[in-house]
Every structure is written in structure tokens, then in C-alpha cells.
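Take a look at the structure set out below.
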Amino acid sequence: MALCKKTVGSVLEEWCLNEPLFGCKRHQNVRKKLRLIRIIGLLVSVVAISTFSLSISAFFKMETHSTVLASSLESQKLVHGHQRTLLDFMEQNEGSTPDSPTSMKHEAEHDNATEEHSKGEYPEDLFSLEERRKGAVILHVIGMIYMFIALAIVCDEFFVPSLTVITEKLSISDDVAGATFMAAGGSAPELFTSLIGVFISHSNVGIGTIVGSAVFNILFVIGMCALFSREILNLTWWPLFRDVSFYIVDLILLIIFFLDNLIMWWESLTLLTAYFCYVTFMKFNVQVEEWVKKVLNRNKVEKATTGDAEGKSPTAGDKDDQTLTTKPRLQRGGSSASLHNSLMRNSIFQLMIHTLDPLAEELGSYGNLKYYDTMTEEGKFKERASILHKIAKKKCQVEDSERQNGAANHEKGAKVEVAVTPPSDSGPVQNGIAHNVDEENEEDEDQPLSLAWPDTPRKQLTYLLVLPIVFPLWVSLPDVRNPRSRKFFPITFFGSISWIAFFSYLMVWWAHQVGETIGISEEIMGLTILAAGTSIPDLITSVIVARKGLGDMAVSSSVGSNIFDITVGLPLPWLLYAVINNFSPVTVSSNGLFCAIVLLFIMLLFVILSIAFCKWRMNKFLGFLMFGLYFVFLIVSVLLEDKVIQCPVSI
């Protein structure tokens with residue numbers, strides 16, 4: 001890999017310039033990097049949208065409270081002239097306007113609501129409510145954001161690698177591993193937030209977080225992928241059809257179970273069964289996909305075969321190009337739902353410290369090799385694309401054998417790999433280069449978490465900010481990416497779960513304190529701030545995937561990752577609660593969460609229609625449309641939760 005000495009010019013190049021100054025030539029597919037300023041702008045935009053929604057909620061709450069307070073003061077003035085008696089109080093209530101009696105009634109309801117809002121087994125805060133309202137709440141906000149980062153690091157650097165080892169030990173197929181263990185690794189914060197909401201805070205914060213995270217993944221993530229992609233990406237229908245079909249069924253079940261405000265144990269078991277049905281389908285996903293495509297595209301395959309047979313030598317290059325452009329689509333279409341949980345997320349610390357687009361820099365080291373070509377070679381991007389690469393290679397081979405003779409197309413694939421190597425390299429040199437590339441990949445991939453001091457001021461500042469999180473994890477958890485620590489994967493697995501539970505508890509607790517200070521419920525905090533915060537790592541890695549041209553992976557993973565949340569993140573805590581409490585039902589009554597789930601279902605349909613309207617392309621218009629839908633969802637959900645507007649369907 002070409003290296004450049006860090007100078008003032010290279011630092012300026014890294015921050016500002018699109019073209020290199022000192023001869024470090026970038027690959028033609030690598031134009032811009034996801035610089036830190038873009039990620040900061042992304043986070044600011046998410047916080048701004050959520051804050052705007054919360055401000056609207058707070059405004060309506062303040063207006064209602066001021067009206068009630070004014071009526072209460074006015075009623076007190078009427079009886080201030082003489083000593084209040086029980087008769088005076090009864091006469092006052094009888095002669096008042098309909099709004100006046102709510103002064104005492106509202107006080108009682110407000111006290112009950114305060115007790116309801118403040119309930120939960122949280123420790124006593126260091127700051128009183130008045131101190132938090134005078135500015136101390138900013139510390140809780142900073143701590144909450146810090147917990148978002150902590151959850152991302154512990155999941156990506158320790159939990160997901162330990163799950164990878166477990167899948168290898170159990171010899172689980174790649175599709176099933178992606179739908180189970182890797183999905184659990186990516187959705188662990190939402191799952192533990194739901195557990196805390198059921199057993200500790202006794203609120204619907206988990207439901208709000210999962211529903212809000214689902215909408216965030218579908219609308220905001222897809223919108224960001226459409227805006228940040230280097231080119232207009234064409235999408236294939238299979239992954240979207242597969243995941244959306246399961247997701248729609250799961251949402252319909254959830255809506256039906258929500259109708260009576262109670263979740264019975266068998267309803268939780270039904271949702272878990274739906275998840276196992278999805279896992280079973282993923283077990284045979286390759287066979288089902290190939291069978292469906294064979295039935296639907298039989299005529300197209302025959303045309304491609306006859307066309308190739310008619311003109312073999314003049315169209316050989318064109319056929320190779322078609323194969324190169326088709327293979328990535330099949331790889332994306334057939335990939336498991338949790339792509340960036342296994343491919344990208346276990347390098348989040350490197351994303352924060354060293355580079356925000358690691359695969360882009362690695363692409364530049366392969367000279368004339370294209371990204372899609374490297375994806376077809378065994379050994380390239382071995383660890384970072386461990387699960388994805390196996391699935392992609394398997395699907396490419398199935399595609400080749402289905403279209404024509406497997407051997408003929410395999411030879412073409414091999415010829416393409418030789419053709420894209422520099423012509424000046426002979427066979428031995430080419431093998432040497434391939435060997436060096438594999439060594440570089442192994443060194444990069446198998447290298448455990450490094451706490452080495454960075455070389456630039458920006459990286460050093462980020463390093464110091466993240467070190468209080470990384471160092472305790474590095475000390476307490478064995479890094480299974482180190483071959484000597486690989487055998488300690490059970491310690492890493494259970495230790496990561498403990499850290500995730502601890503960080504999730506702090507996140508929900510501080511979110512509760514922030515909501516209590518501002519005057520909003522935990523459900524709204526879950527729908528907005530917590531949902532966005534727990535989904536930021538998925539957002540960043542999905543954008544990176546989209547910038548690599550893998551639009552299908554970004555879309556299918558956005559939808560597929562929500563299946564785990566709906567069918568495991570919600571029903572598992574409910575089922576555990578029912579088992580512990582003699583199978584008693586779980587109360588899920590909430591002002592706006594039911595309509596929020598219905599709204600999520602409607603937004604999912606809008607996403608499908610929008611993608612179809614854009615002719616299955618991820619363009620800028622689709623991105624802005626997704627942003628608009630997400631903004632509408634936030635506003636409507638907050639207004640529903642605060643009863644500013646009434647839910648048309650009463651439960």
C-alpha cells in the first residue's frame with residue numbers, strides 16, 4: 001500500500017483537497033472520503049431534526065400548562081377574600097367553567113403523571129430538577145451522546161467479533177449467521193433498551209426506541225445513502241421484496257397485538273416464531289432466490305446465451321463487462337440483512353480514529369483493479385468482508401452455472417482477473433503482488449484493537465475523547481481477533497453483553513433525566529433521540545456501503561435489521577416478563593405509540609412506492625423524499641404522543 005509522509009500539505013489534502021499533492025494517486029472509483037466534518041454535520045442534522053420535534057412538543061405542553069395555571073390562579077383569587085371552606089370549594093367547582101375544574105383535577109393528574117414519569121428504579125441524580133433546568137442538564141445530554149459512542153464501540157470491536165467466532169465454531173451457514181448472530185450484534189442496544197424499559201424503568205421507552213429506530217433506518221438511512229452515493233445506484237427487487245414481505249407480516253402482527261393494550265405470552269411467542277421463520281427462510285435463501293429468478297428471467301437468460309454464442313470473440317469484452325456489472329447486483333441482492341454488522345461495523349474505532357472510509361483507501365492500493373473485481377477474488381478483503389465475501393462468491397458461482405456452463409464462465413472470470421492486472425507484471429510478479437495483497441489484508445484484518453498514538457492533531461483529539469471508553473474495554477475483554485485470545489471468546493461474549501447492558505442503562509437513565517427536565521416523556525425520547533443515537537453506527541456504515549456502489553445492501557440491511565428489532569427486541573423482554581410474573585400480560589398502553597406503529601407501516605409502503613416511482617434508482621430526489629417522510633413521521637408521532645392531535649384509531 002502506497003504511503004505518503006505526513007506533512008502540512010498532506011494534512012491540508014486530507015481535510016480540504018480533492019486531489020493529492022504529493023503523488024499519492026487515488027483510485028478512479030475513490031473520489032471523496034467521508035471526512036469528519038461530514039459526519040459531524042450528519043449528527044448535527046439528526047439532532048436538529050429531533051430537537052425541532054421536541055421543541056414543538058414542549059411548546060404545546062407549555063401553552064397548555066400556562067392556560068391551566070392561569071385558570072387556577074384566577075379561581076384562587078375568587079376565594080381569596082374569605083377563608084376557604086369545603087362548601088366554598090364545592091360551590092367553586094359547581095359554578096366554574098368546564099376548564100376551571102381541571103385546576104385541581106389537573107394538579108392531581110399532573111402529580112400522577114409526574115409520579116408515573118419519575119417511576120423506575122433509577123438512582124438519585126446528583127443535580128436537582130431546578131439545577132438541571134438552570135443548565136446542568138447539558139451534562140446529561142453529553143453523557144447520553146457519549147453512551148451512543150460507547151455502545152457502538154463495544155458492539156463493533158468486541159461483541160460482533162465474538163459472534164463471528166461463535167458462528168465459525170458452530171459451523172452456521174453465512175445467511176443464517178447474518179440473520180441471527182450478526183443481527184443481534186447490530187441491534188444489541190435496542191434490545192437492551194427494551195429490556196430496561198420493561199424491567200427497570202417500567203415504561204414504553206423500548207417500544208419507542210425500536211419503532212423510532214425502525215423509521216430512522218428505513219427513511220433517514222436510505223435518504224443519506226441516496227445523497228452520499230457517488231452515482232445513481234440501480235436497485236434490484238429481490239432483497240427488498242424478501243425483507244419487506246417479512247417485515248409487513250411482522251408489523252401487522254404487532255399492530256393486532258397492540259389493539260387491546262396488553263401483550264399476552266403467546267403473542268410474544270408468535271412474534272418470536274415469526275423471527276425463526278425468517279431465519280429458516282434465510283437458510284434456503286440462495287435456492288429460493290435462484291429458483292425465482294430462473295422462473296422470472298428464463299427468457300432473458302436464453303437471449304444472453306444465444307447472443308454470446310453468436311459472437312463469441314467480438315463480444316467477449318462486452319460480456320465480461322456485463323458479468324462484472326451483474327455480479328455485484330447479485331451479491332447485493334443475495335446478501336444477508338445484516339451486511340454492515342459483519343462487514344463494516346467491526347472497525348468503528350478505526351473509522352473514528354484513522355479514516356472514515358477505510359475500504360476506499362484500500363482500493364487505491366490495487367492499482368487498476370476495480371472494486372467489483374476484487375470482490376470476486378478469494379482472499380481480498382478477507383476479514384472485513386468475511387461473511388459477505390463467502391455469500392457473494394457462492395452467489396456468483398451459482399449465477400455463472402445457471403446462465404451458461406459453469407466452467408466457461410469461470411474461465412471468463414479468471415481471464416478478467418488476469419486482464420485487469422498491470423500488463424508489465426509477469427506471472428511470478430503477479431503472484432507476488434497477490435501474495436503481498438493477501439498479507440496486507442491479513443495484517444489489517446487480523447490485527448486486534450490498537451491503542452497506538454495517532455500522528456495528526458485531529459486524530460489525537462478524537463483518540464483522547466474516545467480513550468475513556470476504549471481503555472476499560474481493552475483491559476477487561478479479550479480481543480478475539482488476536483489468535484492467542486481467540487479461545488477466550490466466551491469471556492468476550494458475556495463480557496460484551498455486560499458492558500452493553502451497563503451502557504444502555506446509563507443511556508436510558510440520562511435520557512429519562514433529560515426528558516424529565518424538558519418535560520417530555522420517555523416514549524418521545526425513544527422515538528427521537530435514542531432511536532437516532534443507537535442507529536448512528538448503522539447509518540455511517542450504510543453510507544459507506546452505498547458509496548461503494550452497493551445500494552441494494554444498504555437498502556436491504558436497513559429493512560432487514562428492523563426485522564430483528566420487531567420480532568426479537570420487543571417480544572423477548574415481554575416473554576421474559578410473562579414467565580417471571582406467572583404469565584401475566586404486559587401493559588403497553590401509550591397515547592401515540594400505536595399510531596406510531598401504524599405510521600411506520602404506512603411509511604414502509606411509501607418507501608416502496610417512492611423507490612418504484614424513482615424507477616428503482618437511488619438518486620437525490622429519493623434522498624430528499626425520504627428526509628421529508630422522516631420529518632413528517634417525527635412531527636406527527638410527537639403530536640400524537642402529547643395528545644395535541646388525537647389518534648384516529650383508539651385502543
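Each Cβ is built from the backbone N, Cα and C atoms, and glycine gets one as well.
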Quiz item: On the same side of the membrane, SER245 and TRP616, at least as Swiss-Prot annotates them?
Solution: yes
Exercise. With Swiss-Prot open, pick whichever of ASN112, ASN234 is annotated N-linked glycosylation site.
Key: ASN112
Quiz item: Counting only pairs 6 or more apart in sequence, are there at least 3 Cβ pairs under 8 Å between the transmembrane segment (460-480) and the transmembrane segment (135-155)?
Solution: yes
Quiz prompt | Highest-contact recorded stretch vs the transmembrane segment (207-227), from 246-266, 563-583, 593-613, 621-641, CB pairs under 8 Å | solution = 621-641
Quiz item: Looking at the transmembrane segment (246-266) and the transmembrane segment (563-583), are there 3+ C-beta pairs under 8 A, with each pair at least 6 apart in sequence?
Solution: yes
Quiz item: Counting Cβ pairs under 8 Å that are 6 or more apart in sequence, does the total for the transmembrane segment (563-583) and the transmembrane segment (180-200) reach three or more?
Solution: yes
Quiz item: Can you say which of 135-155, 180-200, 488-508, 593-613 has the most Cβ pairs under 8 Å with the transmembrane segment (524-544)?
Solution: 135-155
Quiz item: Counting Cβ pairs under 8 Å to the transmembrane segment (593-613), which of 135-155, 488-508, 621-641 comes out on top?
Solution: 621-641
